[in-house]
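> Sharing a structure here in structure tokens format.
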Amino acid sequence: MSNWQTYHSSLTRYSDFGFSIDLSLMDIKDSFYSEMQPKIDRAFKDMLALEAGDIANPDEGRMVGHYWLRDADLAPNAEIKAQITEPLAALKKFADKVLNGDIAPPSGGRFENLLVIGIGGSALGPQFVYHALGADSKLQTFFFDNTDPAGIDRTLSEIGKGLNKTLCLVVSKSGGTPETRNGMLEAQEFFEDNKLDFSKHAVAITGEGSKLFNYAKDHNWLTTFPMEDWVGGRTSVMSTVGLVPAALQGIDIDAFLAGANHMDARTRSTEVTKNAAMQLALGWYHAGNGKGEKDMVVLPYKDSLALFSKYLQQLVMESLGKELDLDGKVVNQGIAVYGNKGSTDQHAYVQQLRDGVKNFFATFIEVRKGREGQSIEVDPGTTTADYLQGFLRGTRKALYESGRPSITISVQEVSPFTLGLLIALFERAVSFYASLVNINAYHQPGVEAGKKAATSFLELLNQVRGALTGWEKTADDIAEATDNDPEDVYHALVHLAANGEATLSEGTTPAEDTFKI
Ligand SMILES: O=P(O)(O)OC[C@H]1O[C@](O)(CO)[C@@H](O)[C@@H]1O
């Protein structure tokens, strides 16, 4: 088959949305599709059950309902439908009131800034959407997405004099995530230091009855929006988590939801050649042999989509990176995701992609329209948009010629609708892929280990603090006194010294370093 013919037979197009996905450079043979058919059938069956409200997340005993968020009629019962439609109406009203000044800061005027405090799925979606669509945002938006004090200070100094016009959204499904709680406490303190009543600036988005929910209630925050049990953090961008900030920014959230709804509707087709999400999942399977042997490099050729790879990193890696399959067998699944944007990355790591280790496949995101309005000619007859397109097409070809496969996903422009399309496409591809490789995509047991280790470090730190009295001490002295591992104690001591709680006198080895208060 000629390349041109392969292109035709490997393309899934939704012309009415200006969307296409092209797998012609993945070198997939027809026989692959027939071999995969039993797994494909199962994936479609699993998806039907999931959308009908089955417990698709068996380990946590939860339904998985992000697809209902953009079509509430699909919700399995009236109660869940209301959990979608009521907050949606309420958040629209709230955003209108904030934007027209009915809900205003106590110091007068209107809210002009938004500070979103959250982490992981409670931050990445809002960050991605704001970066992609927030150019004309009504509220300048800032994020605390970590427990890094220097990062917090930097964001607060960027907000600067606008603090009294800043609305804070504290977002946590569980309502108990330490990074988010710390960010909230830091923000609250900073408001209070500036003689501002934090509660008149604060809104919570969280599960009913969570610690954050109760805190917001006890402190009379402006309002609380619910986050439901059946929405996972990494798929929450179309719940209150993503929609409250987007509505406040003046982004057309109906168009955003409509884009996702349309992609969902198309990708419910059981005709594989017409199902872009199944095509994508099969492309991943083919590239990595169903074992994640190849990383996915995400290359959107559009600055406003630069956070797409970061967003997909969580969506794909937290969903698919699993030790056990659904039968309890050790499989160590996953697909590593990284990337930034083209053509910028051509001047960074694309050198390795072209010539180095062949451990990846690329996913190009093509946005056909360069900009609104006219462009100047940077060469006779040539615009910057021509260059961008040239680099995308050129890199894709150059990679293929050196044996590196790629997928190309195209949309006409970056808009609320097309962003909805793209997110829904990847969400469903993740669901399908999880079925193809027989894993639960909706839990994250691995994250718990790090959380537990952090908690024991904090306990150890307090023991070390308590033991650091009197004479100079080494890590071994304190380890013996507190019955802890000397290396753990040493790192706790170095941390205390770096943060002004102890003085360090360096010896020739860490064991000879001494510390005192
Ligand atoms: O919204 P929460 O409960 O604060 O959780 C934040 C993030 O932490 C995780 O639970 C684990 O990292 C993510 O899945 C989630 O998006």
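Note that Cβ sites are derived from N, Cα and C of the backbone, with glycine treated the same way.
Please treat TrEMBL annotations as automatic predictions, because they have not gone through curation.
Pasting the feature list from TrEMBL:
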type: ACT_SITE; residues: Glu318; note: active site, proton donor
type: ACT_SITE; residues: His347; note: active site
type: ACT_SITE; residues: Lys451; note: active site
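In terms of burial and nearby residues, how do these features look in this structure?
DSSP classifies Glu318 (active site, proton donor) as helix under the three-state reduction.
A C-beta separation below 8 Å, combined with a sequence spacing of at least six in one chain, links His347 (active site) to none of the other residues.
Spatially close to Lys451 (active site) yet at least six residues away along the chain is no residue at all, judged by Cβ distances under 8 angstroms. Annotation note: Lys451 (active site) sits in a helical segment as assigned by DSSP.
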> Tell me whether His347 (active site) sits in a helix, a strand or coil according to DSSP.
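In the DSSP reduction, His347 (active site) maps to helix.
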> Give the number of CB atoms, excluding that of Glu318 (active site, proton donor) itself, located within 10 Å of its CB.
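By my count, 22.
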